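Everything on this sheet refers to the single structure shown next.
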Amino acid sequence: MDAATLTYDTLRFAEFEDFPETSEPVWILGRKYSIFTEKDEILSDVASRLWFTYRRNFPAIGGTGPTSDTGWGCMLRCGQMIFAQALVCRHLGRDWRWTQRKRQPDSYFSVLNAFLDRKDSYYSIHQIAQMGVGEGKSIGQWYGPNTVAQVLKKLAVFDTWSSLAVHIAMDNTVVMEEIRRLCRASLPCAGAAALSMESERHCNGLPAGAEVTNRPLAWRPLVLLIPLRLGLTDINEAYVETLKHCFMMPQSLGVIGGKPNSAHYFIGYVGEELIYLDPHTTQPAVELTDSCFIPDESFHCQHPPCRMGIGELDPSIAVGFFCKTEEDFNDWCQQVKKLSQLGGALPMFELVEQQPSHLACQDVLNLSLDSSDVERLERFFDSEDEDFEILSL
């Protein structure tokens with residue numbers, strides 16, 4: 001059966017390969033586990049990640065566009081997953097765990113609400129597909145890791161509840177000075193704050209925007225996305241150990257990538273295998289109940305996660321990290337510097353204090369949107385307007 005057309009029921013009851021019996025540790029987004037003594041903890045950690053897959057029968061994108069993303073939306077779903085992990089860390093903490101049929105905090109439903117397949121959800125498939133037009137991608141066209149990262153950065157401006165500083169490190173270079181300036185800056189756009197308040201929807205007893213505040217933060221939580229190419233057609237073996245160490249960092253958000261035209265969200269590794277969540281199954285779109293409750297079981301992977309050999313990974317990836325505080329960022333920088341001391345391993349990217357002279361700095365802090373942009377986004381978020389325009393920011 002084609003993986004792209006699997007149903008959720010098929011997925012739940014199919015045979016899944018269990019973890020190998022090995023003494024090697026299992027690493028999941030900065031957490032270390034033993035397969036012999038902590039198997040339940042591993043599965044609980046995996047099940048607590050938000051799992052976004054293909055969906056069908058959602059409202060048409062653009063009013064007349066696709067009602068399913070089967071066959072083209074896998075990288076968009078992976079982008080949602082890595083960004084959702086950032087929001088979970090931001091609002092719930094890395095140690096939060098989801099349990100079936102157990103009441104969850106209101107902030108959990110606010111996070112989930114931001115990714116529902118509706119055009120007025122901040123990071124919905126509708127928003128990503130429409131905003132991707134500005135990155136040169138037609139609706140229904142397959143994305144690469146860099147494109148989805150750029151789109152999510154633009155959409156995050158309007159999520160004033162989370163107040164994230166999103167930085168995409170280009171040219172394999174992370175500039176610490178740029179990130180500190182970005183994270184110490186106040187909210188970038190008053191129009192975005194107003195738009196956020198207008199687009200709130202009360203679900204699960206809490207507005208989707210939850211307590212939006214204009215109080216400046218000393219450090220806006222950082223989402224750092226680093227698009228990389230780790231080889232020409234196959235991953236260079238010299239990067240493998242460095243890639244593994246990225247999953248060991250407590251700031252890890254994982255990796256988006258996969259195989260050509262088949263994206264996955266990688267959350268860890270065991271031995272020489274990567275552990276990932278697979279978006280290639282089609283589930284019905286989730287609709288809010290009359291009481292605005294979100295049925296959430298299909299957003300959690302309740303079976304052993306998929307695995308693939310590291311050597312099978314396509315070399316085009318994006319690595320993600322989340323630093324809630326400046327101390328988290330400083331700690332991350334120290335860990336990255338230690339990676340350069342790994343014998344026989346190549347660093348995947350360069351960490352520098354200031355922008356190298358040979359790299360042009362283009363609008364690192366230019367996150368604000370002009371008035372015409374805000375007007376287009378207001379139209380985009382207006383649930384009464386079924387014929388809104390495609391955005392190009």
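Glycine is treated like the rest: Cβ placed from N, Cα and C.
Looking at the stretches 148-151, 224-227, 388-391, the one that Swiss-Prot records under the feature motif 'LIR' is 388-391. C74 (active site, nucleophile) is 8 Å away from D278 (active site) when you measure Cα to Cα. Looking at S34, S316, the modified residues in this record, the fewest other C-beta atoms within 10 angstroms of the C-beta turn up around S34. Of all the recorded positions listed here (C74, C292, C301), the one with the fewest other CB atoms within 10 A of its own CB is C292. The local packing around D278 (active site), expressed as other Cβ atoms within 10 Å of its Cβ over all shown chains, amounts to 22. Recorded residues C301 (S-nitrosocysteine) and S34 (phosphoserine) have their alpha carbons 20 Å apart, per Cα-Cα distance. Within 10 Å of C74 (active site, nucleophile), counting C-alpha to C-alpha distances, fall none of the recorded positions S34, C292, S316. Considering only the recorded positions S34, H280, S316, C292 (disulfide bond) has H280 as its nearest partner by CA-CA distance.
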